[in-house]
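Trainee: Take a look at this one; I'll ask things after.
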Protein chains: 2
Amino acid sequence: MFTQINYPSRLDYAAICQRPALEQGQLDALISDVFRQVRSKGDQALRELTATYEKREITDILYTAAEIEDLASKTDIALQKAIDHAYANIYAFHAAQKLVPNKIEVNPGVVCWQKATGIDKVGIYIPGGTAPLFSTVLMLAIPARIAECQEVVLCTPATHPAIFYAAKLCGVTKMAKIGGSQAIAALSLGTESVPKVYKIFGPGNQYVTAAKMYANRLGTAIDMPAGPSEVAVYADHTANPAYIASDLLSQAEHGADSQVILISTSSDIVEKTITEIKIQLAELPRKDLAEKALANSKFILVNTSAEAIDLLNEYAAEHLILACDDAEEFSGYIRNAGSIFLGNYTPESAGDYASGTNHTLPTNGFARAYSGVNLDSFTKKITLQSISKQGLEQLGKTIIDMAEAESLQAHANAVKIRIN
Amino acid sequence: MFTQINYPSRLDYAAICQRPALEQGQLDALISDVFRQVRSKGDQALRELTATYEKREITDILYTAAEIEDLASKTDIALQKAIDHAYANIYAFHAAQKLVPNKIEVNPGVVCWQKATGIDKVGIYIPGGTAPLFSTVLMLAIPARIAECQEVVLCTPATHPAIFYAAKLCGVTKMAKIGGSQAIAALSLGTESVPKVYKIFGPGNQYVTAAKMYANRLGTAIDMPAGPSEVAVYADHTANPAYIASDLLSQAEHGADSQVILISTSSDIVEKTITEIKIQLAELPRKDLAEKALANSKFILVNTSAEAIDLLNEYAAEHLILACDDAEEFSGYIRNAGSIFLGNYTPESAGDYASGTNHTLPTNGFARAYSGVNLDSFTKKITLQSISKQGLEQLGKTIIDMAEAESLQAHANAVKIRIN
C-alpha cells in the first residue's frame, strides 16, 4: 500500500515531485455550451441546467434573507460556538495583513505610495458533496469582508445549516442556490439574479475547475489554479509517529487523489509511522478514500536534513508539516510551500479550521509561483504619485532622456511642457 | 477625430467603458504548434523558428557575459546616468513594499505569521519593435532582484545597448536572443539553454500575449492578462489644457489601439484641450499612430465630480491622471485604477520611467480585479504557524467540532491524539 523510497539521488527528485497529470481542456466543449446557455437565457438557463445536471428544481435563484436566517438558526449550538471562535482567529490573522502605509519621498518633491482597495464584486463557490465546507466559507468571506468588497456572492448547491450560519456571520451579501459549472458561468457573466463578479474563489470538482479556467480566459480573475490537496511531512528522530500518521490520514481522507508524502532522516520513524497508519486507518469512516490516497503515497528516507530541504523545495507542498527539532529554524530554509506547520503540536487540521491561517492554498507544485489566499487576494494595490513643480524639474531630465531613447517623443514632451 | 460625449446618464457608462474586443484563442493552433516544436526539439526549434518568423540566424541561444558587457558599454553616457537615476528610484519604492513581519499570537500558544520568498525562477520578455523598452527591463528586473529571485531569464530579440545596460545593472542572470511566441514557449517548457521558469512577465504583440495565455494554461504563472495601454484624465477648471493634451498624446503615441479618455466638469477645459492636442500633435514623430488612437478617444463632459468618480471607477483605467483641485483627497474615492497621478505636475511619463512606481499595469478594465506589478508579483507569501501543547488544548475543541461537522474524522483525530 505504501511506496517506500530509500536514499534517492538528486536525479530522482523530479520523479518524486511529479503530480498526477491534470486534464486540460477535455471538458471545454461542455463548459463552453454551459456558458453559452447562461449568457443567452440567464436565470432560466440556471434552472434548466440545475434540473438536468443535479436533478434539483429551483424557482428563485437567490435565497431570501429570511431563508438564510432560518437555515442558519438550525446550526447546532456547539458548532456555532466553534465557528465563532474560528471566525475570530481567521479575522485577526487576516486583518493583520492590511497594507502598511508606505508613502515615500523618492526624490525631493517626488512622493509615491500604494493603497489597497477591495475588489468591488467577488464570487465564492462552495461545493455540495460529502463534506459541507462551511470552513471554506469562513476562509473566503472573512478576507472579503476585511477588504471591504462591496458585493460578496456565494453560490452553493449545499444546504448544511452551518454554511448559512458562516455566510451570515461573514456578511455575505447574496447567496445563490446553484452549483457546478453553471454557477461559475453565472458569476462570470451575470444573470438577472446573480451579479457579474470580477473574481471567483473556491474549490470544486473537475467541472467547476474547468469552468473557472474558462471564466479566467474570458477575463474574470480566479483565486488560483486547482489540483488535488496534498501534505508533506518532514520528520526527524524527535517526531511522534502516531501524530505523523494522524496528519497523513487527515490529508488522505480528503479523496482518492490526495497526495501524501513523508520525508524523514530516520528509518525508525518511517517504519513506526507506517505501523501507526494501519492502526488508525482501521477506525476511519472514510477509510476507503484514505486507502486509495495512501496507495499513491510516498515514504522517503533521506541521508540528511539538507537533502530533505532540497526535496521539499522542489516538491513545493501545499501543506508542509515540520515535525523536527527546532522547526522554526528549519522553516527558514523552505522557499516553496503553501503553509507550514511547525512542531509536534501543530497539526494541519489547526490551519484547516481555526488557527487563523487560510486553508485555500496552492496545490500541484503551484506554491513555486503562487501564494495561498490572503487579504491581498481580495484587494488590488493601486500606486499613487504626487510630484511638485520642483520635483519634476529635478526628475525631468531623466524622464526626457529615457523617453527620447525609446523614441517616445510625446512622453518627453509631457515633461518639457511643464518645466520649460 | 474626437468623440465628444456631453452629460451621459448612468446607463451610458457601460458603453463608454467598453474596450475593443480582444481576440480569444484565434492563434491557438499556431501557438500550440510552436510549443510542440520547442518541447520536442529544444534549442534547435528556437533556431528554426527564429529563422522562419524573424529572418534572423542565431547559433548560441544565450548571450555570453562578454557580449552583454560589450553591448551594455555602448550605451550613451547621459542615458546611463538617466537609467541609474531611474534604477535608484524604482529600487527605493519597491524595496519599501517588503512584507512587514506580522507574527501574531491569535490565541495563547497559537502563533501565526507570513513570510515572503522570491519565486525561484522568473522570465522577462522584452519585445523588439519600434521602441526599445529598456524601461521595462528596470520595471521587472528590479523587483525580481529585491525579491531575491534566484534565476532571472530575459528573452529579447531587441539589441539596443540600453536593454543590456539595464539588464546588467539589475542582475539579470541570463539573456536569450529569442523573441515571439517561441521565447515564451522556451521559458515555459525549458530547453537546453533556457531554464524553465515558474512565472513569465512582460509585454508583447498578439503572438506573445497568446503564448503567455497558453503557457498559463500549462501551469506557468503570468504577470497579468494583457490589453492595449490606456489613460484617463480627470480635469476640473484648475487643470492646464496644454498639460492634459501632452498626457493624452503620450498615451496615444503608444499605438493605434491605445485608449485615451478625458473626463471633465468644464466644457472650457475640454475645448481648449482639443485645440492644444491639434497643435502638439503636428510636431510628433509618431503622429500617425497617435492620430489613429485619437480616433477612438472619448472626451466626456460630466455635471459633477461625483459623476466623474462613478464613471472612473466603472472604467478602471490603467493610468489615471487627476488634474484637479485637491487631487489627493479626490483619489480617496477612486477604487479602481492601475496607477494614479496627482496634480498638474505629475505626468504619466514620470511613472512610465523614473518616479519609482511600476509601469506594468492592468489594462482593459482588469484594474477592477488585478494590481499592477509590484514586489508581491515576484514573491509568494507562505503562512506559518506554531502551536504549543497548551495552545492546542485550548483550540482543540473548536477544530474537533468543525471537523466532525464536516464529516472529516481523521482531521479531528489529528487533534485528539495530541491532546488526549
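Heads up, the Cβ atoms here are built off N, Cα and C, so glycines get one too.
Just so you know, TrEMBL annotations are computer predictions that nobody has curated.
Just so it is clear, the model here is predicted, and its values are computed rather than measured.
I grabbed these lines from TrEMBL:
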{"type": "BINDING", "residues": "A:TYR125, A:GLN182, A:ASN205", "note": "NAD(+) binding site"}
{"type": "BINDING", "residues": "A:SER229, A:GLN251, A:HIS254, A:HIS319, A:ASP352, A:GLU406, A:HIS411", "note": "substrate binding site"}
{"type": "BINDING", "residues": "A:GLN251, A:HIS254, A:ASP352, A:HIS411", "note": "Zn(2+) binding site"}
{"type": "ACT_SITE", "residues": "A:GLU318", "note": "active site, proton acceptor"}
{"type": "ACT_SITE", "residues": "A:HIS319", "note": "active site, proton acceptor"}
Trainee: Less than 8 Å, Cβ to Cβ, versus chain B; work out which of the binding-site residues A:TYR125, A:GLN182, A:SER229, A:HIS319, A:ASP352 satisfy that and list them by sequence.
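Mentor: Listed in sequence order, the binding-site residues near chain B are A:ASP352.
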Trainee: If you draw a 10 Å sphere around the Cβ of A:GLU318 (active site, proton acceptor), how many other Cβ atoms fall inside it, taking every protein chain shown into account?
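Mentor: I get 27 for this one.
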Trainee: Can you give me the Cα-Cα distance between A:GLN182 (NAD(+) binding site) and A:HIS254 (substrate binding site) in Å, rounded to a whole number?
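Mentor: For A:GLN182 (NAD(+) binding site) versus A:HIS254 (substrate binding site), the Cα atoms are 24 Å apart.
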Trainee: Specify the nearest of the recorded positions A:TYR125, A:ASN205, A:GLU318 to A:GLU406 (substrate binding site), where nearness means the distance between Cα atoms.
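Mentor: Checking each of A:TYR125, A:ASN205, A:GLU318 against A:GLU406 (substrate binding site), the shortest Cα distance is to A:GLU318.
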Trainee: Rank the binding-site residues A:ASP352, A:GLU406 by how many other Cβ atoms lie within 10 Å of each Cβ and give me the one with the fewest.
Mentor: A:GLU406
Trainee: Would you count the other C-beta atoms found within 10 angstroms of the C-beta of A:TYR125 (NAD(+) binding site) for me?
Mentor: 28
Trainee: How many Å separate the Cα atoms of A:ASN205 (NAD(+) binding site) and A:SER229 (substrate binding site)?
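Mentor: Just about 12 Å between their Cα atoms.
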Trainee: Comparing the binding-site residues A:SER229, A:GLN251, which residue's C-beta has the most other C-beta atoms within 10 angstroms in this structure?
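Mentor: Output for this query is A:GLN251.
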Trainee: Please identify, from the binding-site residues A:GLN182, A:ASN205, the residue with the sparsest Cβ neighbourhood, meaning fewest other Cβ atoms within 10 angstroms.
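Mentor: Candidates: the binding-site residues A:GLN182, A:ASN205. Fewest Cβ atoms within 10 Å: A:ASN205.
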Trainee: Could you measure between A:HIS411 (substrate binding site) and A:TYR125 (NAD(+) binding site) for me? Cα positions, answer in whole angstrom.
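Mentor: Cα-Cα, rounded: 45 Å.
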Trainee: In whole Å, note down how far the CA of A:GLU318 (active site, proton acceptor) lies from the CA of A:TYR125 (NAD(+) binding site).
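Mentor: Given the Cα positions, A:TYR125 (NAD(+) binding site) is 20 Å from A:GLU318 (active site, proton acceptor).
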